[in-house]
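What Swiss-Prot says about this protein:
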type	residues	note
CARBOHYD	24	N-linked glycosylation site
CARBOHYD	38	N-linked glycosylation site
CARBOHYD	54	N-linked glycosylation site
CARBOHYD	79	N-linked glycosylation site
CARBOHYD	142	N-linked glycosylation site
CARBOHYD	181	N-linked glycosylation site
CARBOHYD	301	N-linked glycosylation site
CARBOHYD	499	N-linked glycosylation site
LIPID	555	S-palmitoyl cysteine
LIPID	562	S-palmitoyl cysteine
LIPID	565	S-palmitoyl cysteine
SIGNAL	1-16	signal peptide
TRANSMEM	531-551	transmembrane segment
């Protein structure tokens, strides 16, 4: 029985070797491109989902969880807000004259001095934050006739009653509080920021005890502006044992201008000025820890890499950051259209070209050749067309990043309740900008993906046409990305086709002769496969009949015994 099976196998192998297409006088050369078993889906202008061999994610969706201290100078506010550090709250004395690129305010920050409010809090905070320094210069104001350096038990500096270190609380001297009229010129060539305030006592008695007059007034003027504040006497909610308040105001004095302060009571006077600097410093609210690392882009969630053009970590950023978009993912095609290779190529192992499917396992190039000739089969990459495609795709990601990365920061906006309508408008504008950028990002990526796929398809077609021009009438286009070569073409011949040195004149006569001989006996392609399968089926049927007849004859002669058990 084993002998019969072995003979049958040998018969089929011989039969297969004699099939058309296995003639040693011809060869098959196929062109193809790289493919992978599982590609990546990307979006193009014409297709929402198209599979490519490789793609790069463009949206940064996670942070490091910490704020990197390099290359930006980070100042951790710890328990202090920027305004408390500016005013000189006793527990913020460590921030005097500090500098920063980014001031990080913590949610745990608190005030620990006299209760105050800042009518234009957001503007003052933004102004000081962008200046990037708390550098302070004392000036010799002349406050004749009043007592200086007032303090409060609500503002302890050590065991002693104290006050904001950058402000001077003035109150009556003996039983008088004269009208104060003090000037301070700006003879320097930079802007000066003066912080001052108005005290609002909780009762009329407190008002007269401190300032004699039943109603005070504070006027601060420059050549460009004037502010007059009338104190509002009356009780307020208790904070740190006090129901009185201080309102904080600020004035910028330009070079050559003069600061004029006029008051008959309730003045919280400046001790000097802050030097206003122009720069790109900023402030951010975050509870992320500050770590030793390097990152150009910072968000409240922590630092993020800026090697991608988009991010959806946070709208608030500082530094050179990817553009914020709503999408969680945007994939940029960095490979060609993926057509996974078919695992079965028929019973005789035929090869196929790029029109049918891609080729898996081409690790040394994107485009290449497969051949079948008298010496067997082989595969080689075409490095020139591969490099042409890669050169055009390389740098695509960098170009997208250059178009989208912000070289500035986006700070959070703060508004008082009075500015609610402005806040709503600002939110609408920001949301609209994000919607537009999200749409633009998706469109940009889709356009780039379309270009990449068209480009890689074009390189494949260029290689195919180049090969066709070399072979001319020596080969026939089989319609699947392959050529049937009508002359004997060994591996050296195949190599000359690949490297562009093939001389079709050398093989022209042989190819024409073989073409006419093969065409003379070759059936039309519409019937060839049917005849092949029918002849194979008949051969197998006859083989089975012969085998069955032999078994029956052997049983009759007693050479084979068959036992049937029930």
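Note that the numbers count up from 1, one per residue, in the order the chain is shown.
In case you wondered, yes, glycine gets a Cβ from its N, Cα and C as well.
Structure with Swiss-Prot features highlighted.
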residue	record	DSSP class
38	N-linked glycosylation site	coil
54	N-linked glycosylation site	coil
79	N-linked glycosylation site	coil
142	N-linked glycosylation site	coil
181	N-linked glycosylation site	strand
301	N-linked glycosylation site	coil
499	N-linked glycosylation site	helix
555	S-palmitoyl cysteine	helix
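Cβ-based neighbour count (10 Å, all protein chains) for residue 499 (N-linked glycosylation site) stands at 11. A C-beta separation below 8 Å, combined with a sequence spacing of at least six in one chain, links residue 54 (N-linked glycosylation site) to 36, 39, 40, 333, 334, 335. When the glycosylation sites 38, 79, 181, 301, 499 are screened for a Cα within 10 A of the Cα of residue 142 (N-linked glycosylation site), the ones that qualify are 181. In the structure shown, the C-beta of 301 has more C-beta neighbours within 10 angstroms than that of any other entry among the glycosylation sites 79, 142, 181, 301. Sequence-distant contacts (6 or more apart, same chain, Cβ under 8 Å) of residue 38 (N-linked glycosylation site) comprise 340. Other C-beta atoms found within 10 angstroms of the C-beta of residue 555 (S-palmitoyl cysteine) number 12, with every protein chain shown included. Take the Cα of residue 499 (N-linked glycosylation site) and measure to each of the recorded positions 79, 181, 301, 555: the nearest one is 301. Of the recorded residues, residue 79 (N-linked glycosylation site) and residue 181 (N-linked glycosylation site) place their C-alpha atoms 37 Å from one another. Taking only the Cα positions, the spacing between residue 181 (N-linked glycosylation site) and residue 301 (N-linked glycosylation site) is 50 angstrom. Counting only the Cα atoms, the space from residue 301 (N-linked glycosylation site) to residue 555 (S-palmitoyl cysteine) is about 87 angstrom.
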